[in-house]
């Protein structure tokens with residue numbers, strides 16, 4: 001287990017450093033001593049059977065869940081704790097979180113805002129940037145995800161795939177240092193999955209640092225620079241996609257790949 | 001009816017509207033505050049809000065206003081009747097508005113609130129830009145309905161000697177032995193007040209639709 005825990009010291013290119021994260025809900029130990037690093041531009045897919053703690057791990061990274069133990073560092077700044085070692089207050093935590101983009105399984109768009117307003121909300125209200133400048137950027141980001149003709153619509157008028165592309169545009173508009181995807185295509189009709197994966201593929205090619213929780217194995221293999229496989233709260237494989245998919249080392253991973261019918 | 005009769009209607013209408021208006025202004029934000037305490041599941045305070053609402057909701061308007069006007073002086077706080085009426089109606093409006101806000105909060109999807117948190121919005125920004133616009137929109141019909149009930153409960157203030165619309169009508173009728181004309185006039189004034197509230201509701205709703213907030 002130790003062999004895959006932070007094998008090298010952090011470098012200036014280390015965007016995310018997760019060290020010894022544990023999290024329990026009551027008697028349920030969801031995460032047990034999780035450690036891994038991510039370099040700039042890396043795309044890591046978190047795989048594993050449902051209930052293995054993937055989503056909780058993502059939520060610990062941006063402190064939506066506070067881990068019981070361990071450190072999260074974003075570009076060497078510690079998440080959740082100020083320099084003095086005291087817990088961050090609401091404002092400090094918000095500032096940290098605004099540097100991490102998140103895309104949700106069920107989109108979680110703000111239904112009372114138009115598509116454009118959804119994308120502009122955080123840059124304007126959190127990053128306090130100039131509204132005009134943000135609007136221009138938001139339009140450009142929406143164009144990038146192919147939604148230039150939907151900007152003034154409310155999210156309820158969009159298809160699932162379009163909603164998720166708004167979700168991605170909303171995350172991109174904050175110019176985050178890292179993007180977290182929590183099963184971004186699991187709530188979509190099969191025929192709409194492709195358009196969302198397309199956008200993510202484009203981001204990966206563009207050098208974005210991404211953590212993706214997904215059940216799309218083919219996509220994970222094509223787009224990831226690394227696969228982290230989790231089971232019962234542990235990381236049990238952390239390797240290149242070719243190694244993982246072609247030569248899984250653990251029985252758990254073999255069983256998993258078999259059960260998702262990956263060939 | 002003579003000039004002074006009409007004047008007493010004007011006076012009655014002013015106290016009806018005045019008491020209701022103050023209760024609305026006080027009750028809407030305080031009701032929201034209580035509803036948020038329960039929504040945020042803050043241990044002791046949430047329970048207190050629940051108790052407050054349960055007790056106040058079971059007290060008739062007339063009973064509450066008498067309790068306040070005759071009861072508080074026992075504790076050395078003597079009130080003029082109008083202030084007692086304002087307090088009593090505000091207490092009631094707060095409780096009922098709390099339940100209206102709360103039903104909107106229950107229908108509110110928490111996942112998008114969490115998304116706002118993930119996007120770095122502070123508690124205040126989340127409240128102001130994500131939560132409030134949505135629950136305000138869904139609460140307007142209930143809040144306006146509660147306002148009309150307040151107006152129609154206002155005859156309760158006559159039990160502590162204040163003159164409201166119905167009391168004015170009753171007094172005039174007793175003097176002229178013609179009770180129906182003043183009562184109809186009183187009814188007409190209630191209709192006008194409630195119509196104005198309904199108009200307010202329409203305007204608020206169209207404003208929200210066009211602003212997209």
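Each Cβ is built from the backbone N, Cα and C atoms, and glycine gets one as well.
Same-chain residues lying 6 or more positions outside the transmembrane segment (B:6-37) and placing a CB less than 8 Å from one of its CB atoms are 45-46, 48-49, 52-53, 82, 85-86, 89-90, 92-102, 105, 143, 146-147, 150-151, 154, 157, 162-169, 171-172, 182, 185-186, 189, 193. Per TrEMBL, transmembrane segment is recorded for B:6-37 (among others).
The annotation domain 'ABC transmembrane type-1' is assigned in TrEMBL to B:13-202.
Annotation source TrEMBL lists transmembrane segment at B:49-70 (among others).
For the transmembrane segment (B:82-101), same-chain residues at least 6 beyond its ends with a Cβ under 8 Å from one of its own Cβ atoms are 15, 18-20, 22-24, 26-28, 30-32, 34-36, 38, 49, 52-53, 56-57, 59, 61, 64-65, 67-69, 72, 135, 139, 142-143, 146, 149-150, 153-154, 156-157, 160, 162. According to TrEMBL, the transmembrane segment annotation covers B:82-101 (among others).
Annotation source TrEMBL lists transmembrane segment at B:180-198 (among others).
Residues 34-35, 37-38, 79, 81, 84-85, 87-89, 91-92, 94-96, 98-99, 153, 156-157, 159-160 of the same chain sit 6 or more residues outside the transmembrane segment (B:49-70) yet have a Cβ under 8 Å from a Cβ within it.
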